[in-house]
Amino acid sequence: MNLRSAIRAPLAAAVLLAGTAVHAADTGLVERVQQLAEAQSGDLEKTFKHLHANPELGFHETETAAMVAKRLNKLGYKVHTGIGGTGIAAVLENGDGPVVMFRSDMDALPVKEDTDLPYASDKQVTLPDGSQTYVMHACGHDSHVSWLLGIAKVMKETRKDWSGTLVLVAQPAEELIEGAQAMVDDGLYDKVPEPELLIAAHVFPIWASGTVAVRAGRRMAGSDALDVTLHGVGGHGSSPQHTVDPVVLGARSVMAYQTIVSRNVDPQQPAVLTVGSVQIGEANNVIPDNGVLKLNLRWYEKPVREQLISAIKRETNGLAKAAGVPEDRMPEYTMKGYAEPVYNDEALVDWAKPVLASVLGEKALMPGFPPVMGSEDFPLLVSGLENTKTLFMEVGGGAPDVTKVYMETGKLPPLNHNPKFEIKNPALAITTAVKAGSMLLLDSLKPKG
């Protein structure tokens with residue numbers, strides 16, 4: 001990640017879209033949003049710490065979802081539960097006007113926390129295969145849920161100032177890159193209206209708490225999870241001549257994959273192919289019958305995605321034939337965990353920046369990180385809708401001097417998915433996101449009067 005150039009890059013000029021930024025010019029409303037957000041700071045911090053200490057894995061966010069549903073019901077939202085498993089969608093109808101959606105994700109990661117936080121997670125759960133794993137909010141989704149609840153209250157308290165329909169989504173299983181599609185497949189839009197704008201936000205410790213960023217263009221890569229099942233002919237370890245060894249086939253395949261990006265993909269096109277797991281055999285003296293390679297693909301352009309998938313199949317099938325694998329036992333390929341790339345429309349960013357500056361101040365706007373190969377699945381909530389725009393916002397969660405330290409030493413704090421991941425001053429980070437998200441929603445809805 002070329003963060004040095006991103007941090008040093010100047011902010012783009014703020015250009016308002018015609019007919020927008022009406023609310024942002026209303027200083028009385030801006031001050032009210034600020035007050036409503038700050039008044040919730042203590043409660044939202046308590047919520048965050050509770051969620052952090054009680055994380056739940058994807059599609060198992062039952063307690064988190066129940067808490068979200070209870071609070072949104074209390075605020076008067078029409079709440080739909082159990083969408084795509086544990087997903088929540090809440091609707092606040094407030095007269096004629098646009099339909100706008102704000103989404104937060106709820107799930108944690110199978111990571112053992114290694115922080116000194118007094119509210120650190122020591123939770124363990126049993127996985128479907130019977131194994132145990134620790135669970136941690138190592139990607140900040142606890143803060144995402146917290147600011148969703150804060151935004152919900154601000155929007156309810158300011159409903160005399162806007163007209164339209166607000167949809168809030170608490171999504172499961174973002175880390176699996178499956179939750180957004182699961183909600184759509186489970187009839188999300190049979191329950192809520194289709195939005196004209198979808199806003200999502202994510203916390204990152206590369207920016208200080210109290211700051212945000214919106215940047216145009218490529219933001220996060222598309223993603224696929226691909227399982228390659230290798231079939232051999234098993235047998236006794238002492239008689240390899242009577243077998244076709246999937247261990248050797250797996251090793252050769254992994255090494256062959258290492259040149260797929262460098263020798264198949266245009267060097268100017270971003271692409272990543274990672275083998276994250278090799279599961280072949282269990283005993284010392286047994287040549288197994290089969291095995292599985294678990295791959296992850298990252299890309300921005302669909303033709304690059306097709307190149308990666310085609311090359312994986314070509315290389316693996318060729319090696320299987322060379323190894324003598326019978327025709328009826330050739331490798332099998334299972335695609336899962338698909339995510340679309342995240343792009344920010346330049347016109348939307350030009351609209352958003354002055355809106356954010358109105359409620360946070362110009363100094364709180366960061367330049368945004370350069371395009372990264374990490375992924376987010378929220379665009380799948382609306383990828384089947386023709387006229388819906390999306391906006392992705394970065395929320396700072398780092399120490400006040402995080403940028404200065406990086407510029408002087410090149411050192412960054414533990415980033416997302418690290419066991420030492422930590423949001424510094426979570427109350428400030430969450431309150432900032434509440435102000436930012438609320439103001440964007442208010443400015444995209446129709447003013448009353």
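Including glycine, each Cβ sits where the backbone N, Cα and C put it.
TrEMBL annotations: computationally assigned, not manually curated.
Note that the structure is predicted; figures quoted are calculated from it, not measured.
For 1-24, the entry in TrEMBL reads signal peptide.
What TrEMBL lists as Mn(2+) binding site is CYS139, HIS141, GLU175, HIS202, HIS417. Under the DSSP three-state reduction, HIS141 (Mn(2+) binding site) is assigned to helix. In sequence order, SER104, ASP105, MET106, ASP107, ALA108, GLU174 constitute the residues six or more apart from HIS141 (Mn(2+) binding site) in its chain with CB-CB distances below 8 Å.
Annotation source TrEMBL lists domain 'Peptidase M20 dimerisation' at 222-317.
The most densely surrounded of the binding-site residues HIS202, HIS417, judged by C-beta neighbours within 10 angstroms, is HIS202. Those same-chain residues not listed among CYS139, HIS141, GLU175, HIS202, HIS417 yet with C-beta within 8 angstroms of the centroid of the Mn(2+) site C-beta atoms are ASP105, ASP107, LEU109, HIS137, ALA138, GLY140, GLU174, ASN416. Annotation note: HIS417 (Mn(2+) binding site) sits in a coil segment as assigned by DSSP.
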